[in-house]
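Student: What Swiss-Prot lists as substrate binding site is Leu73, Cys74, His75, Met110, Glu111. The active site annotation in Swiss-Prot covers Asp125.
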Amino acid sequence: MLTHLDSQGRANMVDVTEKAVTSREATAEAVVRMRPETLQLIQDGGHPKGDVFAVARIAGIQAAKRTHELIPLCHPLLLTSVKVELQAEAPDAVRIRARCRLAGQTGVEMEALTAASVAALTIYDMCKAVDRGMLIEQVQLLEKLGGKSGHYRKEEEGQA
């Protein structure tokens, strides 16, 4: 059942008024593939626009806080923690992990996914002058904790 549709099939924001406040957490990731020279430029700190990872981290945090303004049926949330980590993966990728937490009545999956996505887009924006062929991939929810649906963890490749 799609919870964002009413009985007539119209889009609406889910009413969470009666839901209990519980601890909730979600982790998402995105991967940016690029030329090895682009990754080296980022790692060497030689990018003319500045520290690519620092700017992408701040962009991801900011995006998580503004998810409800970007995705129409998301609730505005009082996030208690947003962490965005970026890891260079030689020879040609950056892996972004975003984790969002709160005590609330609805989950934070969209906030984590938005944080990872916008951090990836920021890397693209900062590096497009030297590498227009970058690829953003594997935007996905890795783990979700809390709420009525319980615990979800993406299975590793090759697991049943």
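Glycine is no exception: its Cβ is also placed from the backbone N, Cα and C atoms.
Describe the structural surroundings of these features, if you would.
Tutor: According to its DSSP assignment, His75 (substrate binding site) is coil.
Long-range Cβ neighbours of Asp125 (active site) (same chain, at least 6 residues apart, Cβ-Cβ under 8 Å): none.
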Student: To see if you understand the setup: which same-chain residues, six or more apart in sequence, place their Cβ under 8 Å from that of Leu73 (substrate binding site)?
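Tutor: Set apart from Leu73 (substrate binding site) by at least 6 residues yet with Cβ under 8 Å, we have His4, Ala11, Asn12, Met13, Val14.
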Student: Within 8 Å of the centroid of the Cβ atoms of Leu73, Cys74, His75, Met110, Glu111, which other residues of that chain place their own Cβ, given that this set defines the recorded substrate site?
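Tutor: What remains near the Cβ centre is Thr67, His68, Ile71, Leu77, Thr106.
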Student: For His75 (substrate binding site), what residues in its own chain, 6 or more apart in sequence, show a Cβ-Cβ distance under 8 Å?
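Tutor: Those within reach of His75 (substrate binding site), by Cβ under 8 Å and sequence separation of 6 or more, are Met13, Val14, Val16, His68, Gln105, Thr106.
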